[in-house]
Amino acid sequence: MSTDNKQSLPAITLAAIGVVYGDIGTSPLYTLRECLSGQFGFGVERDAVFGFLSLIFWLLIFVVSIKYLTFVMRADNAGEGGILTLMSLAGRNTSARTTSMLVIMGLIGGSFFYGEVVITPAISVMSAIEGLEIVAPQLDTWIVPLSIIVLTLLFMIQKHGTAMVGKLFAPIMLTWFLILAGLGLRSIIANPEVLHALNPMWAVHFFLEYKTVSFIALGAVVLSITGVEALYADMGHFGKFPIRLAWFTVVLPSLTLNYFGQGALLLKNPEAIKNPFFLLAPDWALIPLLIIAALATVIASQAVISGVFSLTRQAVRLGYLSPMRIIHTSEMESGQIYIPFVNWMLYVAVVIVIVSFEHSSNLAAAYGIAVTGTMVLTSILSTTVARQNWHWNKYFVALILIAFLCVDIPLFTANLDKLLSGGWLPLSLGTVMFIVMTTWKSERFRLLRRMHEHGNSLEAMIASLEKSPPVRVPGTAVYMSRAINVIPFALMHNLKHNKVLHERVILLTLRTEDAPYVHNVRRVQIEQLSPTFWRVVASYGWRETPNVEEVFHRCGLEGLSCRMMETSFFMSHESLILGKRPWYLRLRGKLYLLLQRNALRAPDQFEIPPNRVIELGTQVEI
């Protein structure tokens with residue numbers, strides 16, 4: 001989305017508020033409550049309140065304002081962000097060994113996101129519904145069922161897209177942030193002493209007074225910055241400037257006022273710790289606040305769901321996940337997609353989490369490990385980009401990295417204390433996704449190498465066919481080829497078994513470039529290899545979906561006329577068997593076979609009419 005048009009800047013900034021800041025914007029529902037709930041051995045004490053408020057404020061300044069908005073967002077790939085984009089950028093100008101390490105870091109970061117995405121909708125919606133405990137305590141047994149009902153409706157509407165309701169996200173979230181600010185300001189006016197916590201010395205004093213316990217307590221403070229990765233991941237939708245403008249003009253002031261307002265309330269009434277957010281509001285405003293809190297958390301959950309759809313598409317297009325059905329829910333916005341398999345797997349996982357943990361406080365114990373782990377990886381990858389791509393001074397880059405890690409590593413280490421109380425959940429889910437992605441990528445590479453290791457020269461084969469042609473039949477045949485200079489398996493098997501060839505043969509390769517989009521001018525490259533053979537290479541970005549009909553249209557513009565319903569598409573279908581392997585590689589091979597069996601078939605991937613496809617099978621040992 002462009003920000004060149006100044007008249008559209010307010011609208012884009014408002015849209016960014018509605019999408020980008022949903023997760024971090026709903027953190028006040030539970031963050032301070034978890035910090036001062038007594039789990040760390042101290043209750044609502046003045047020094048503890050001031051210490052936590054100071055830590056939260058300066059964490060928002062350093063991590064969000066300085067690290068992500070100022071530094072990390074400089075690293076973009078044609079305007080796009082995200083951990084896999086950062087991985088790609090970092091590996092451009094490094095050695096093969098270093099690139100491999102950076103790829104592993106990027107995949108771990110992406111896997112961590114899958115781990116956290118299960119918790120975010122659950123903790124956000126449950127925190128809002130728990131306002132019932134204040135409004136009507138007798139309804140507290142309905143918190144889990146109502147949370148499941150709300151999220152069920154949210155996941156059910158995904159297939160219809162969010163274009164219509166999405167227009168309401170921005171005004172609702174703007175209203176939410178204004179309410180955060182208003183409630184906080186009202187409380188601060190009644191007890192302005194709390195503003196002393198803006199002094200970072202209160203954070204230092206907190207560590208000196210509470211010593212080891214204060215370090216463990218960082219695991220609760222990190223709840224205030226969950227969702228920070230969304231700022232970078234959504235950069236391509238809104239642009240850097242609108243996201244930064246929204247943060248500094250609306251989001252940061254609102255969050256600061258609300259956190260400090262909760263602190264002022266707790267200094268005056270320590271018993272409000274049971275739910276300091278909702279107790280900020282007067283009695284008459286509790287029900288409206290509960291409703292808009294529920295809406296805000298649904299929007300935050302929607303942003304996370306959309307984020308996992310986008311990450312999955314990117315991973316599929318880059319070859320780290322098996323092909324799956326991706327449905328575009330908007331004709332106007334290519335970023336609005338729906339992936340049925342991911343949607344319902346995520347829904348089942350979220351429901352299981354809600355039923356198992358029962359309360360947002362229990363979920364808070366599971367939150368943070370994956371977030372802070374991703375922060376560490378982002379620091380390393382982004383500073384690598386600064387050194388290798390931007391050619392910044394190595395000592396300056398080292399200082400930046402040290403500064404980032406001095407914050408990231410303590411936060412990550414403190415969250416390891418949550419491992420047994422729930423932190424195992426996102427780590428386990430992330431580990432599973434990492435194994436799946438690395439298995440698909442490595443086994444796919446092994447398969448393609450196996451299929452092509454004994455291949456003959458494409459040029460030599462074409463020359464031989466032109467010199468001693470087989471029986472030629474009228475029409476055009478397209479052979480899908482994964483590599484440009486390799487003879488397609490389907491072509492070899494057609495000649496071997498049918499001993500015929502069409503009058504016109506097109507070898508079509510669809511490849512993904514290291515960019516989000518490819519300009520239409522560069523979409524198709526056509527090369528005539530002989531009087532009857534053509535090579536067509538169609539390039540797509542990882543945010544685009546390949547479409548053979550579009551490729552044919554581009555070919556027609558270049559002089560190679562093709563009609564979809566008059567063309568035969570020949571594809572190979574591999575029947576895979578496992579060869580002799582060590583037990584651990586055999587397990588990985590079995591996982592790959594499972595993924596391969598459930599992968600979307602090529603005709604469905606590229607929107608080729610099924611009645612125009614001929615699949616030729618071949619058995620391959622891996």
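The backbone N, Cα and C atoms fix where each Cβ goes, and this holds for glycine too.
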Swiss-Prot: matching membrane side for Y30 and Q158: no
Of the residue ranges 9-29, 303-323, 576-596, the one that Swiss-Prot records as transmembrane segment: 9-29
Overall pLDDT of the topological domain 'Cytoplasmic' (70-102), taken as the mean: 89
Spatial neighbours of the transmembrane segment (363-383) far in sequence, C-beta under 8 Å, 6+ residues away: 30, 34, 63, 67, 71-72, 75, 83, 86-87, 89-90, 102, 105-106, 108-109, 112-113, 115-116, 119, 122-123, 126, 219-220, 222-223, 225-226, 228-229, 232, 353, 357, 397, 400-401, 404-405, 408-409, 411-412, 415-416, 418-419, 421-427, 430
Cβ-based contact of the transmembrane segment (9-29) with the transmembrane segment (165-185), 3 or more pairs under 8 Å: yes
Leading contact stretch, 49-69, 103-123, 137-157, 337-357 vs the transmembrane segment (247-267) - CB distance under 8 Å: 49-69
When counting Cβ pairs under 8 Å to the transmembrane segment (396-416), the leader among 49-69, 165-185, 213-233, 337-357: 213-233
Secondary structure content, the topological domain 'Periplasmic' (358-362) (per DSSP, counts of residues): 3 helix, 0 strand, 2 coil
The topological domain 'Periplasmic' (124-136) - residue tally per DSSP class, helix then strand then coil: 10 helix, 0 strand, 3 coil
Touch test for the transmembrane segment (103-123) and the transmembrane segment (337-357), at least 3 Cβ pairs under 8 Å: yes
Winner by Cβ pairs under 8 Å against the transmembrane segment (49-69), considering only 137-157, 213-233, 337-357, 419-439: 213-233
